[in-house]
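Here the structure is laid out as structure tokens; the discussion comes afterwards.
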Amino acid sequence: MKKRIAIFISGRGSNMEAIVRNTQTGLLKDCCEIALVFSNKPRAKGLEIAAGLGLSTASIPSKGKKREEFDAEVVRLLEPYRVDYIVLAGFMRILSPVLIRAYPNRIINIHPADTKAFQGVGAYEWAWENRLEKTYITVHYVDEGVDTGPVIAQQEVDLRGAASLQEIERRGLAVEHELYSKALRKVFIMGE
Ligand code: GRF
């Protein structure tokens, strides 16, 4: 049975696009279908892109809402879509136990650093400011901490010779776009 997923985004959605492509014609074709692309930002660029790709989209503005209140609305919105997994792809909001406990071990995130070395936003800036020679992209399960859940897959990014933050991001995103689908395949095929 193909796993039904909801992809959560807040902005540009380049990871979402890579996953969609792999679901249509690539690595995820036989094991995954996209039930919904959801955003907490109604004007997120990625929502437009998802709609243009023919996917179901939905958004609930999170601005000004308490975490638990917003997450309860999201849980209600998701119910009819019967999703097996929530895939966070640049979803810039910390989840509360309301959402995490509704999908235990069923929420996956991508983080552009080794989660043991750097948590939270700004991981590429951190790599740039510290002149790191390499960093690690991490795909992990989401638990109730911030970037603390069990690691599913990790891949090194060679940062040697990168002359700007933009170059670091470009190299990192190229790895993100490949690694996320590989890691999802591992979860969906090998099971829990
Ligand atoms: C990515 O770097 C991802 O790892 C981080 O936020 C960024 C989202 O980019 N969590 P995009 O929206 O997928 O293009």
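Placement of Cβ uses the backbone N, Cα and C atoms for every residue, glycine included.
Values in this document were obtained by computation on a predicted structure and should not be read as measured data.
Its Cβ placed at the centre, HIS111 (active site, proton donor) has 23 other Cβ atoms within 10 Å. Among the features that TrEMBL reports, active site, proton donor is placed at HIS111.
What TrEMBL lists as N(1)-(5-phospho-beta-D-ribosyl)glycinamide binding site is GLY13, SER14, ASN15. Non-local contacts of GLY13 (N(1)-(5-phospho-beta-D-ribosyl)glycinamide binding site) by the CB criterion (under 8 A, 6+ apart in sequence, same chain) comprise VAL37, ALA44, LYS45, GLY46, LEU47, ILE49, ALA50, ALA89, GLY90. Mapped onto three states, the DSSP output places GLY13 (N(1)-(5-phospho-beta-D-ribosyl)glycinamide binding site) in coil.
Following the DSSP three-state reduction, the secondary structure of ASN109 ((6R)-10-formyltetrahydrofolate binding site) is strand. Long-range neighbours of ASN109 ((6R)-10-formyltetrahydrofolate binding site) (same chain, six or more residues apart, CB within less than 8 Å of its CB): LEU88, PHE91, VAL139, HIS140, TYR141, VAL142, ASP147, GLY149. Per TrEMBL, the feature (6R)-10-formyltetrahydrofolate binding site maps to ARG67, MET92, ARG93, ILE94, LEU95, ASN109.
Look at TrEMBL and you will find 3-184 tagged as domain 'Formyl transferase N-terminal'.
Counting every protein chain shown, 20 other Cβ atoms lie within 10 Å of the Cβ of ASP147 (site 'Raises pKa of active site His'). DSSP classifies ASP147 (site 'Raises pKa of active site His') as coil under the three-state reduction. The feature site 'Raises pKa of active site His' is assigned by TrEMBL to ASP147.
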Candidate recorded positions SER14, ASN15, HIS111, pick with smallest Cα gap to ARG67 ((6R)-10-formyltetrahydrofolate binding site): HIS111
Sparsest Cβ surroundings (other CB atoms within 10 Å) among the binding-site residues SER14, ASN15: SER14
Cβ under 6 Å from ligand 1: qualifying recorded positions of GLY13, SER14, ASN15, MET92, LEU95, ASP147: GLY13, SER14, ASN15
Arithmetic mean of per-residue pLDDT over the domain 'Formyl transferase N-terminal' (3-184): 97
